[in-house]
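Look at TrEMBL and you will find 10-223 tagged as domain 'Cytidylate kinase'. As annotated by TrEMBL, ATP binding site applies to GLY14, PRO15, SER16, GLY17, THR18, GLY19, LYS20, SER21, SER22.
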Amino acid sequence: MGHGELRGVVALDGPSGTGKSSAARRLASALGARYLDTGAMYRAVTLAVLRSGADLDDADRVAAVARDAGLAQGTDPADSTTTLRGEDVGVEIRGPEVTRAVSPVSANPAVRELLVAEQRRIVAHALSAVGGIVVEGRDIGTVVVPDAGLKVFLTADARARAHRRARQDGLESTVDAVLADVERRDAYDSSRAVSPLRPAPDAVELDTTDLDLAGVLAALLDLAAGRGLVAGPVRG
Ligand SMILES: Nc1ncnc2c1ncn2[C@@H]1O[C@H](COP(=O)(O)OP(=O)(O)OP(=O)(O)O)[C@@H](O)[C@H]1O
Ligand SMILES: Nc1ccn([C@H]2C[C@H](O)[C@@H](COP(=O)(O)O)O2)c(=O)n1
């Protein structure tokens, strides 16, 4: 059964491991929309910085590497590629080195300015090409698309998130280590000076701790339809 087509922007924000990527990808697929993973963009710039050998604390050098990285982010929910000068870096950007370094790189104001401009360009292009896009990250509802038709802030208990991530990585025995990493990244992302992670005042908070992915998708479809963002057949 078709769900109709998304008209406008759905912004999904929240801490790591709350299910933003999984939910955003599914929502975009269900509604024939594009999908933008902004975390992948910060990760790709971080990879470029690590490869360059730049000191993560050298803000000017980090910004210069970001500008010169040749980053391109795809928006196909079935295959959202991330490339640096044409090289597919989708696997490498999920590795532990990038995950360790991504918070300081994404706190760099010049990096944020560069990527937010590119994200807005991608959103505008998707809206004119297909009419709808689901964008996920940390500052989508607050900074990147403050006029998004629907803003959702996903949350989940930190231990549940650590279990999900550990299962994903095949590291069931190291939940405590994953939990420490999740909490470290949340604290860093929430306390940085520029665009800290926080819900937009008009965001709907959705706690996914006790929801499976089908439940999260159903809740998002209801919210989008309720905002009048879905054209054509609605669920049922
Ligand atoms: N509601 C859920 N129930 C069970 N597992 C889930 C749920 N949501 C997400 N997961 C699983 O948790 C892991 C993390 O999900 P996902 O990558 O979508 O989160 P995220 O918020 O995008 O994280 P990050 O910000 O770190 O990229 C994945 O393995 C995913 O399959
Ligand atoms: N809009 C965004 C998206 C991501 N980040 C930062 C914060 C995260 O720790 C990191 C990686 O994101 P993930 O792939 O885990 O979603 O990127 C950000 O600051 N703003």
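Every residue gets a Cβ built from N, Cα and C, even glycine.
In this view, SER22 (ATP binding site) is surrounded by 17 other Cβ atoms within 10 Å of its Cβ, with every protein chain counted.
Taking GLY14, THR18, SER22 as the candidate binding-site residues, the subset whose CB lies under 6 angstroms from any atom of ligand 2 is empty. For LYS20 (ATP binding site), applying a Cβ distance below 8 Å and a minimum sequence separation of six or more within one chain yields LEU12, ASP13, GLY14, GLY39, GLU136, GLY137, LEU154. The ATP site is set by GLY14, PRO15, SER16, GLY17, THR18, GLY19, LYS20, SER21, SER22; from the centre of their CB atoms, other residues of the chain with a CB within 8 Å are ALA23, GLU136, LEU154, ALA156, ARG161, THR208. The most crowded of the binding-site residues listed here (SER16, THR18) is THR18, judged by how many other CB atoms sit within 10 Å of its own CB. Mean pLDDT of the predicted structure over the domain 'Cytidylate kinase' (10-223): 94. For the recorded site, LYS20 (ATP binding site), the DSSP three-state label reads helix. Within 10 Å of the C-beta atom of GLY14 (ATP binding site) sit 26 other C-beta atoms, taking all shown protein chains into account.
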